[in-house]
Amino acid sequence: CLSHLYTIPFARVWIPDPEEVWKSAELLKDYKPGDKVLLLHLEEGKDLEYCLDPKTKELPHLRNPDILVGENDLTALSYLHEPAVLHNLRVRFIDSKLIYTYCGIVLVAINPYEQLPIYGEDIINAYSGQNMGDMDPHIFAVAEEAYKQMARDERNQSIIVSGESGAGKTVSAKYAMRYFATVSGSASEANVEEKVLASNPIMESIGNAKTTRNDNSSRFGKYIEIGFDKRYRIIGANMRTYLLEKSRVVFQAEEERNYHIFYQLCASAKLPEFKMLRLGNANDFNYTKQGGSPVIEGVDDAKEMAHTRQACTLLGISESYQMGIFQILAGILHLGNVGFTSRDADSCAIPPKHEPLCIFCDLMGVDYEEMCHWLCHRKLATATETYIKPISKLQATNARDALAKHIYAKLFNWIVDHVNQALHSAVKQHSFIGVLDIYGFETFEINSFEQFCINYANEKLQQQFNMHVFKLEQEEYMKEQIPWTLIDFYDNQPCINLIESKLGILDLLDEECKMPKGTDDTWAQKLYNTHLNKCALFEKPRLSNKAFIIQHFADKVEYQCEGFLEKNKDTVFEEQIKVLRSSKFKMLPELFQDDEKAISPTSATSLGRTPLTRAPAKPTKGRPGQMAKEHKKTVGHQFRNSLHLLMETLNATTPHYVRCIKPNDFKFPFTFDEKRAVQQLRACGVLETIRISAAGFPSRWTYQEFFSRYRVLMKQKDVLSDRKQTCKNVLEKLILDKDKYQFGKTKIFFRAGQVAYLEKLRADKLRAACIRIQKTIRGWLLRKKYLRMRKAAITVQRYVRGYQARCYAKFLRRTKAATIIQKYWRMYVVCRRYKIKRAATIVLQSYLRGYLARNRYRKILREHKAVIIQKWVRGWLARTHYKRSMHAIIYLQCCFRRMMAKRELKKLKIEARSVERYKKLHIGMENKIMQLQRKVDEQNKDYKCLMEKLTNLEGIYNSETEKLRSDLERLQLSEEEAKVATGRVLSLQEEIAKLRKDLEQTRSEKKCIEERADRYKQETEELVSNLKEENTLLKQEKESLNHRIVEQAKEMTETMEKKLVEETKQLELDLNDERLRYQNLLNEFSRLEERYDDLKEEMTLMVHVPKPGHKRTDSTHSSNESEYIFSSEIAEMEDIPLRTEEPTEKKVPLDMSLFLKLQKRVTELEQEKQVMQDELDRKEEQVLRSKAKEEERPQIRGAELEYESLKRQELESENKKLKNELNELRKALSEKSAPEVTAPGAPAYRVLMEQLTSVSEELDVRKEEVLILRSQLVSQKEAIQPKNTMTDSTILLEDVQKMKDKGEIAQAYIGLKETNRLLESQLQSQKRSHENEAEALRGEIQSLKEENNRQQQLLAQNLQLPPEARIEASLQHEITRLTNENLYFEELYADDPKKYQSYRISLYKRMIVCKTIVLFCCLPLGQMENISPGQIIDEPIRPVNIPRKEKDFQGMLEYKKEDEQKLVKNLILELKPRGVAVNLIPGLPAYILFMCVRHADYLNDDQKVRSLLTSTINSIKKVLKKRGDDFETVSFWLSNTCRFLHCLKQYSGEEGFMKHNTSRQNEHCLTNFDLAEYRQVLSDLAIQIYQQLVRVLENILQPMIVSGMLEHETIQGVSGVKPTGLRKRTSSIADEGTYTLDSILRQLNSFHSVMCQHGMDPELIKQVVKQMFYIVGAITLNNLLLRKDMCSWSKGMQIRYNVSQLEEWLRDKNLMNSGAKETLEPLIQAAQLLQVKKKTDDDAEAICSMCNALTTAQIVKVLNLYTPVNEFEERVSVSFIRTIQMRLRDRKDSPQLLMDAKHIFPVTFPFNPSSLALETIQIPASLGLGFISRV
C-alpha cells in the first residue's frame, strides 16, 4: 500500500534540508521499484532530482493529507515521523495560535512569548470534569486528568514538566498548581490553596534569574507534593529542591542577571525600613552589575518586591524574619564589594576600615577584625599541629565568593524549610499530586559540572519515560487482545551506568576529590584510562586532554573537566563559618545548624519532613566523628541520592508528562525556528514516543467510528447489522496485506500510513462521486440551456418571417400609392402653372391701370394740398412760438427737479452704505422694503409720464414734419406759378432753414432727454436690483437662521432623547447590577448560613456525646431560627431551655478565620442596609415634599365634593330621624300595649322586638353602607388629587424653562388642555355615578320609610285585635308581603343566578322566623310563658344553622398554639410535592398558611404571627437543605413561596395591590399587622430558592449539553469522524446512554410541565427558561471555543439545526417573548461564522457586521480553530484572520474568551394576584390537618 502511494500523481513528500530541516515537495514522475532518482518539484517553484540512498534505498517520508494537518494529537497522524510532527506543531503554533499539542501521553507546550487569555478561571471551570480527549490540549487538561485519576484509582500522581531554559517550565508548573487550587479548594478555611500559590513568588524571587534565553529562568529544580484529604481537597504541600545554581550569586555572564531578589532589594532601597541596609543602585554592587543588564523590560522590581513580601506574610514569615532575610541578602551584596590588595605573591590584605566589609559585619553582627583576618588567612591542621597560612589575592577572592555562595545556599534552604512548614498540615494526608519542574537537557559551547548533573537527571527521567510509554502500549495491546510483539526502543541504561555505576564518572570524581593532590587533569586521565575504548558512549576529543564526550539519548555533549573537582567539593573555610556562627544576629546561626536528616545540601526535604510515600529512615548510630564525614559528602554523591529518591517517588505514582519547547532563541512572539524545535523534540523524548507508537499500530479506530468514516467505501450489500463484521469484510477487500491491521475487541489497529491510504481511497471515491454529480448537473444545465435556446430561435424565426411578409405587403401598397400620387401630382403641376400665368397677367393689368389712376390722383392732390399747406404753415408758426416758450419753461422745471433728485439720491446712497442703515434694515426690513418698493413704483410712474410726454412730442414733431414736407412739395409744384413771389419763397426758405435748425435742436433735446431717461432708468434698475439682492440676502440669512434654529432644536431634542434613552438603559443596567449584586449577597449569605449550620452540627456532635440507650428526637425547629432579626424574641425565649440543657463541658475552640469572615460579612451587610435605609428615607422625604406641594395647590373638585358631603349629611340626618322614630315607636308600644301581651317575657313581645331589631340592624347596615360610600368618595378624592397634580409646579417650571421655543410651549399648553378635558370628563362621569348611587340610596331610604310606616300601621292594627286574630293577621300579612317580594325578586334576578341564590337564602331565614311564630300560635298562653329561650332554641330549628355557618365562612383557619409544629410538619416538612401537584389546587400550602396568618391577624396576636412565619421560613429552608437536589421539591417550594408572597401583598390592604381584588377579597385583607418586612424576607427566600433551582437545572442539564448540542449528529451523515489519536474524544455517534438533542428537549419538557403543575407564575417560568437557554448556549459555545475538532462547516450546520429545534420548542410553549432566544445569539453567530465564506474583504466585512454578539477574541478563536473535515473544504488563511483583527480593533468588548456559564440573571417576582376566593378553599384529609378549624 505504501509503495502504491508513491505512484499517485503529485504525491507529496518530505526531503531533508540544511536550513529548514525538512522541505515539502511533489513527485513529478511516478516512482517505480528500482529507480535511483526521484524527480521532485519544490514549493518555491524549483525542480529537483532527489537521489535515493544506494544502501538503504529508503524513500522520502510521505506527507500527511491536509485534512490531518493541525490535529490535536500527533499520534492521530497517518504518517508518524519527524517532519510530520514538526509540520503539525508549526501549523498549530503559527497559523492557529495553539501552543499545546498532545503526543500520545505527552503534552507538548510551545512558549508563545506572549500573554494569552487562556488561563482564566472560566477556562479552569470549562476543563473541570472533562475527559482529556474531549477538549483541546491544555495544561489544565493534564491537571484534570491527574486529579481525576487520583480520585478514581486512589493512586498518587506526578506531573513531570521539563524543557530548556526559557521553554516555559515554571509557568506550566505554576498553572498546574493554580488549577488544583481552584478546582479542589481547601478542606478548611485556612486558604491552603492560596498559600500553595503564594509560594511561587517567593521561590521565583530567590531561585529565578534572567538568562540570555529566558527572563525568568529557574536556576534550580523543584518537586512540589500537593497533599489532599479523603474528599480530595487541598490540605497542604511539600517542596523539594535540586541543584541550586550557586555560582550565579558571584558570577553572571553577559546580558544576564543575578537572582531577582537582589534587584528587588536595590529597587526598594529608598523605603524607610530598608535604610539600615545601606543599599543603592544595582550597578553599585559587584555581584549585580557583571551581566550589564540590571533591568528586565516590562518588569518593575519594586512592585515585585511588594508581591514577595506579601507572599511571605501570607505564608506566616513574620516581619522580623523578613527583615532578617533582607539583611543577610544585603550583607551578601556588600561582601561582593570587599576588595583585596596584594602584599606579595602569597599574601593579601584588606584596606583598613574598608567600608563594604564594615557594612557586612554590621549587618551580620560579627567582629570586623576577626572577619577581616579570616578572609585573608586560612587554618591548616595536621596530625600534630595547627598553623595559620596567608592566602593570595586570587585565593582570597575565591574564598569570599565561596562564602557568599554558601550563605545564599543556606538562606535558600532556610526559606524552603519555612515555606514547607507553612504548607504543612496536621490533617492526615490521603493522597498527593507531585509537580516536578526540572531543567531539560542542556548543551552549550562550554559545558561544566552543572550541565553534567542536569543531563544525568534527564537520562534518568528519560529512562522512566520510555518504560512508562512502553508499558502503556503493552497494556493497550493486551486490553484489546492484539498479538504482542516486542518493540525495539532506545534504552539509555548504558549511559546511566557510565555515570553512576561503580568506577563510573561520579565514582571516579568522588575518589579524586578525596585525594590530597587531586586535580581536574588527573581525574580526566583516570576517565580516559577507565572508559575510553571500553564504553561506546564515552569518547575523547581530538584536540583536548581536559574534556570528555558522552553520547546522551538526545545528543553528544562535550564536557570541560576544569572546575569539576572544586564544584563537587563545594569547600568553604571552616573559620569563616565559625565567625558567622558567633554572630549576634540571631537568625544567622540558625542557617548553619547541621541537619541530620538532610538528603542533600541543596534539598529542602531535609528540613523536617519525609516524603509522603515512604516510611522515615531509621536514625543511624555511630561515632562522633561520623557526623563530620557525613557532612563532607560531595555534591555529586548527594545529588545522586536525591535523584534516586525522586525516581522512587515517581515510580510509585502515575506520571503525566509536559514537554516545554522553546520556539526561538530571540524571545519573538509566535516565531518558529525549525532547527531549535527539532533539537528540543529529539532531546525531550517526543520523537521517541512517536517512534515507539509508529513501530506498532499507531492509528486506532472504534468499529463505529470506522464505519461512520468509511461508509462511502462500502456497498449496500456489504452493510450488515453487525458493525464489527462489516468492518472486517470491508478491510479485507481494501487492504490485502493483513499485517497492516489488527482487529481488537473494540478497536481496529492500523500500521503507519494505512489511514492515509484509506483516506486516499475515500477522497477518490468522493471525488468520483463529485465528478459524477457535476457531470450530471452540468449536462442537465446544458440541456436546459439548449432547449431554451431552441425555443427562443423558433420564436425569433416566426417573428422575423412575419415581419418580412408584412414588409413585402407594405412595399406593394406603397408602389401602388406612388403611381396614384404621381398621376395626381402631374395634373396638379400643370393646373398650377396655368393659374400662375393667368394671375400674373391680371396683376400686370391691374398695376398698370392703378399707376395711371394714381398719377391723375396725385396731380389733383398736389393742388389741393398746396392750399392746405399755406393754411397750416401759418398756424404752425404761431403754435411753434407758443410751444417753444412752453418747452423752455418745462425744461427749466426738469433741470431743477433733476438737481433735487440727484441730491436726494446721493443722500439715499450715503444712508444705504452706512452701518446704521443696515441696522435699520435689519430692524424693520419688511417696512423699508415696502417703502422702497413704493418709491420705485412712484419713480416708475414718473418715468412713464415722461415717456408719454416724449412720445407726444415725437408725434407732434412727426406730424409737423409731414406737414412741412407736404407744404414744401406744394410750394415746389407752385414754384412756377409763384415766380412772382420769389422773395416770398426766399423768406419761406429762410423759415424752412430755421425750422430745420429748430428740428435739429428738438432732435438733440430729444436725444438728451432720452439719454437722461435711459440713465435714470438704468440707475433706477440698478437701485432696485441692489435692493432686491439685499432683500434676498436678508431672506436667505433669515431662512438660514430659522433653519439653524430648527436644526438646533431637533439636535437638542434628539440629544435629550438619546440621553434619556441612555440614562434609562444605564438605570436599567444599574438596577440589574444592583439586583444581581443583592442576589449574589443573598447567595453568599445562604452559603455562609449553611457553613454555619455545618459547623454548628459538627460542634454539637463533638460536644453532645450521646449516652448509651438514650437518643434525643429531632425538633422540627430549624437551627437557623435565631438567625433572623424578626424572630429574635422567640429565639431568645426558645434558646434559654436549650442552653440550660447543654453540658458544662469545655467548648471546642472557634475557627477564628471563619468568625472574622462572618463578622466582616455582617458588617458589610449592615453598611449596605444602612445605605439602602438612607436612600429610602431620602425618597420618603421627596414624597412628603411632593405631597406638601400638592396640598398647596387649589382643589379642583371642591364644589362637587362639598355637594357630596352635603348629600351625605342629609342621608345621615335622615338615618338619625329614622332611628329616633324607631325608638319612639318602641316607647309607644311599651307604654300603650297590654301588660300581658307586651310583657318583657311574652313571646309576642319578643317577636315584635326581634322585628324591630332586624329593622334597626338593616338601618345600621344602610348607615354602614353610607359610611363605606363616604370612605370611597374620600379615597376617590385622594386618588383624583394626584391625577390633577400630575404636573407638579417644580416640574412645570423646569419644563417651561426647557421649552424656550414658542411651538413647544403651545404644544405643552394644548396637551394640558387635553389633560384637563380628560380629567373633567372623568370627574363628570364619577359625579354622575355618585349622583346615581345617592339617588338609589335615597330611594332605598324612602322605601324603608314607607315600609316602616306600613309596619307601624300594621302593628297599630294588630294591637287592637284579640291575641289569636292578631297573630293570624300578622302571619297573613307577612305571607302576602313575602309572596309579592318573591315575585318581584324573581323578575329582578332572572338574569343573575348568584343574586337570586342569596335572595333565596334570606327568604329561607325568614321562613325560620315564621316557623317560630307558628310555634307560638300552637301553644297555649300559659305554656308560652313557661317556655324558656333555651328550650325554644333546643327545638328542631337547630339544624337550620348549618348553611348559615357555611355562608359566613371568612376564609380563616384557626389552630392552637401547641399545634403549630404539627402544622409545619404536615404541611411543609413531610409533604410530598408530587401528590400535591397532581391532586390538589396549585399553591394550596401557601393558601393554608396565609389563612392561618389571617386568623392570627384577626386575633391581633403578634406572637402567633411572628412564630408562624418564622417556623414556615425555617421549615422551607430545612426541606430545601434536605432535598435541595430534587427539582420537583425546589420548584414546588419556589411556587408556594411566591404564592405566599403574593397573598401577603394582595391582602395587605395597600391600594396598589387591591386593584384586581373582588369586594369579598377586599374584606379578607389584614387589619392589624403590616407584614412588609416579612414580605422582604420571603422575597429573599424566594431568590435563594430560585438560585438553588438554577443550580439544580444546571447540574441536570450540564452532562447533556455538550453531547446533545455538539457531539451528537442530529442530521446523520453530514459530518464525518476524523482520525483520533491516543487521547480519545467522545464519539459523535449516539451509543446507548449517550445524550442527544431529544434528551435535552425531553428534559426541558419535564422541567416546564413540573413548573406548570406547581402553578408557578408565568413570568417566573419565562425567567427560568431564559436561564436554562443561557446555560445551554454558554456551555455549548465554551466547548466549541475549546475544541478544534468541533469547528467545521458541517458542525455549524448541526448547531444551527439544534438551535432551530430549541426555538421550535419555545414557540410550542409560547415562550418566544421570554428573552431565551436572545441568549442563544452568540451560539447562533458562532455557527454562522463556521458556515460563511472566509476569503475576501467583503467576507470579512460581512463577518464583522454579523457577529456583533461575539467578542473579538471569540471570533478570532473560532477562525483559528476552523478545521476542514473533508478535503474539499479550505482552511482560513492567516491574512484573513489579520484582516478581521484590523477591522475589529476599535470594537470595545470584553477580552474574556469564554462566556460565564455560572452567571445567573437577576430574578424578579412580578405581583400576580389570585382570583381564587379564600372561603372556597377546601382542605383535603390527606394533608392530616384535622386539628385546624375553619372560621
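Cβ atoms are placed via backbone N, Cα and C, with glycine included.
Taken from TrEMBL, the feature domain 'Myosin N-terminal SH3-like' applies to 8-60.
Here TrEMBL flags 69-763 as domain 'Myosin motor'.
Feature annotation from TrEMBL assigns ATP binding site to Gly163, Glu164, Ser165, Gly166, Ala167, Gly168, Lys169, Thr170.
Here TrEMBL flags 599-631 as region 'Disordered'.
Taken from TrEMBL, the feature region 'Actin-binding' covers 643-665. Secondary structure by DSSP for the region 'Actin-binding' (643-665): 9 helix, 8 strand, 6 coil.
Under the heading coiled coil, TrEMBL lists 915-1098 (among others).
Feature annotation from TrEMBL assigns coiled coil to 1155-1231 (among others). If you take every residue in the coiled coil (1155-1231) and average the pLDDT, you get 58.
According to TrEMBL, the coiled coil annotation covers 1320-1361 (among others).
Residues annotated as domain 'Dilute' in TrEMBL: 1510-1786.
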Counting Cβ atoms within 10 Å across all protein chains shown, which of the binding-site residues Ser165, Thr170 comes out on top? Thr170
Same chain only, sequence gap of 6 or more: which residues have a CB within under 8 Å of the CB of Ala167 (ATP binding site)? Ala109, Asn111, Asn214, Gly440, Cys660, Ile661, Lys662, Gln680
What number of additional C-beta atoms lies within 10 angstroms of the C-beta atom of Gly168 (ATP binding site)? 25
Work out, from DSSP, the number of helix, strand and coil residues along the domain 'Myosin N-terminal SH3-like' (8-60). 0 helix, 24 strand, 29 coil
For the binding-site residues listed (Gly163, Gly166), most other Cβ atoms within 10 Å of the Cβ sits at Gly163
Under 8 Å between C-beta atoms and at least six apart in sequence, can you list the same-chain neighbours of Glu164 (ATP binding site), or say none if there are none? Arg213, Gly440, Phe441, Glu442, Cys660, Lys662, Gln680, Ala683
